[in-house]
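Swiss-Prot has this to say about the protein:
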BINDING   34-41, 113-117, 168-171  GTP binding site
DOMAIN    25-239  domain 'tr-type G'
REGION    34-41  region 'G1'
REGION    92-96  region 'G2'
REGION    113-116  region 'G3'
REGION    168-171  region 'G4'
Amino acid sequence: MNTILAQQIANEGGVEAWMIAQQHKSLLRFLTCGSVDDGKSTLIGRLLHDTLQIYEDQLSSLHNDSKRHGTQGEKLDLALLVDGLQAEREQGITIDVAYRYFSTEKRKFIIADTPGHEQYTRNMATGASTCDLAILLIDARKGVLDQTRRHSFISTLLGIKHLVVAINKMDLVDYREETFARIREDYLTFAEQLPGDLDIRFVPLSALEGDNVAAQSANMRWYSGPTLLEVLETVDIQRAVDRQPMRFPVQYVNRPNLDFRGYAGTLASGSVKVGERIKVLPSGVESSVARIVTFDGDKEEACAGEAITLVLNDDIDISRGDLLLAANETLAPARHAAIDVVWMAEQPLAPGQSYDVKLAGKKTRARIEAIRYQIDINNLTQRDVESLPLNGIGLVEMTFDEPLALDIYQQNPVTGGLIFIDRLSNVTVGAGMVRELDERGATPSVEYSAFELELNALVRRHFPHWDARDLLGDKHGAA
């Protein structure tokens, strides 16, 4: 058993008491990102090693793997703790997003180790989508690079407010303060173009040698700030979803018998109480909460992030993809939106194309109307383009086949974030964050029967070359 884990269990008075204590610790999700070979995997390995989170058999295996695949000579190659794919070990790089878990006396952590190569930017965006903090590694010898800027921008685009700029490999520049100061100034100059509400911190360190990772460095006495671990343990994470109105996307209709009908999902934001009046979108029908069912039994109130099943007092038509919110809240469904897109496919994104889109539990089709601009990650300027290439980031105008209940992504990532799915291969080809909503066309001016709407959708889906217009919106072909 891990020695520090055994000591923690003993200090708490047994396994059960230790598990209860773990449940009450706050959780921080963070990712490491930056350019290739900046030392992201090594840093995570060092964090795990210096916090004594590695079991004896893992340490023994690491010694053997370091001899076969290591890139650090006689030293332990801590990056091998994270780089698990055979291709990663052979090339000495990270390709996939690797997740690791550890805890200290103050906090629990989930780490996402993301790749640095530009062609794997899509993997980095995937890792960043669930994180609260980003560690941006910079090689002290190279300074701020294009990929550093790209990852910084993607992190802020995905709503991350806390950035820790870890200037790594200080041992290779003789721990010089002027090198740290120069890179810090360069990054702050670039960061002037990022959102103004960011919490940016700088830590000089050496992941290989352990300087300023979990313990203060004797080689950089000119630095009086906290170590990286101290920053992670003390950073104050304020979750925006706790302060946002109630949003409950229905993932599953739970009907185990004739006497029970519940609507299961994860509460995306806000809170809900028994007896509270709620409204169902897109239908607009209202009811009230009769029960809040959880794995541990019924509750009187649930908060954001909890997996629950809601039982209502009325039998109303609710299905997967519907959204429940407080009855006094106003959220008008929209068919048109401007979306920040991170494109992840070899085939460029271009106007006129149609994709399936998935938002929470809702799946529908969307058409690309226009690309307003692509963002140049070197200087964050906007440029006109006809298409968005692989790993490109831009603002795109879209029209959905049906009105959707959407929020702005920065206000609610669950109901404001979506993915693009190729209709033929069923592969995820892009990620989108709602920037602007346009409610025009959300309600049709002409009433059509259910049969007419179903027939129209059938024709547009299976016979796109007929160029049939969408009865619920603008005239266009459903390509």
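Cβ coordinates are placed from backbone N, Cα and C, and glycine is handled just like the others.
Summarising the environment of Thr114 (GTP binding site), the number of other Cβ atoms within 10 Å of its Cβ, over all protein chains shown, is 27. Most buried of the binding-site residues Gly34, Lys40, Met170, judged by other Cβ atoms within 10 Å, is Lys40. Assigned with DSSP, the residues of the region 'G1' (34-41) fall into helix, strand and coil as follows: 2 helix, 1 strand, 5 coil. A 10 Å cutoff on Cβ-Cβ distances gives Asp37 (GTP binding site) a total of 18 other Cβ atoms nearby, all chains included. In the three-state DSSP assignment, the secondary structure recorded for Thr114 (GTP binding site) is coil.
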